[in-house]
Every structure is written in C-alpha cells, then in structure tokens.
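A.B. asks: Just dropping this structure here.
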Amino acid sequence: GLAELRARREELDGRIREEEAERSRLQGRIWALTERLVRTSESLARNLAARSEMDRTIAETEAAYGKIVESSQTLLDAEKEEIENAGKASEPQSTAKEKENQAKEQKHS
C-alpha cells in the first residue's frame, strides 16, 4: 500500500508542477495584456483630445467662413447699389429736361 501511495503522490506532484507552470504562463499573459491595456488607454485619451481640438477648430473655421460670406454679401449689395446710383447720376441732364418738357406739353394739349 505504501508504494501505491508514493505513486499517487508522484502523480499529484506532476499535476501540481503542470498547474504551477500554467499559472505562471497565465500571469505572464495577464501582465502583457495589462501593459497593452495601459498603452491603448493612453493612446485613446490622446486621440480623444486631438478629436476634440479638431472639432473646436472646425467650429471656429465654419463660424469665420460664415462671417466672410456674410461680409462678402453685404459688400456685394453695397457695390450693386453704388453702381445703380452711379447709373442714375450719369443719366444725361437733357433727358431729364426732355421728360419735364414732355410733361408740360401734355398738360397744354
């Protein structure tokens, strides 16, 4: 019976060594995955901050572009009005007088 107990003990000792080796491998994988998780989390934080900065820059650029478009439209409207006024001012005086004379003639008729 003693030989049988020693054989069972040796078998159990072998299983213990295998499980200790497996535990050691798993701890190594856990350490590697933990390091990878830390690096990924840091990278994610940097990327989120960069995206936030880009979103802010895009919003500021769109606002500035909108102001430029608005100012351009205002300038264009003012230029059109100035051109119209210049066209009226350059109308020959005789034409204005002719219209006045025609109006008088119609009254006399």
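Sequential numbering from 1, following the chain as shown.
Glycine too: its Cβ is placed from the backbone N, Cα and C atoms.
TrEMBL entries are annotated by machine, without manual review.
In case it helps, TrEMBL gives these features for our protein:
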{"type": "COILED", "residues": "2-36", "note": "coiled coil"}
{"type": "REGION", "residues": "78-109", "note": "region 'Disordered'"}
{"type": "COMPBIAS", "residues": "96-109", "note": "compositional bias 'Basic and acidic residues'"}
A.B. asks: Grab the same-chain neighbours of the coiled coil (2-36) for me: Cβ-Cβ under 8 Å, and only residues 6 or more beyond its ends, written as numbers and ranges.
C.D. replies: none
A.B. asks: Can you give the mean pLDDT for the coiled coil (2-36), rounded to a whole number?
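C.D. replies: PLDDT averaged over the stretch: 97.
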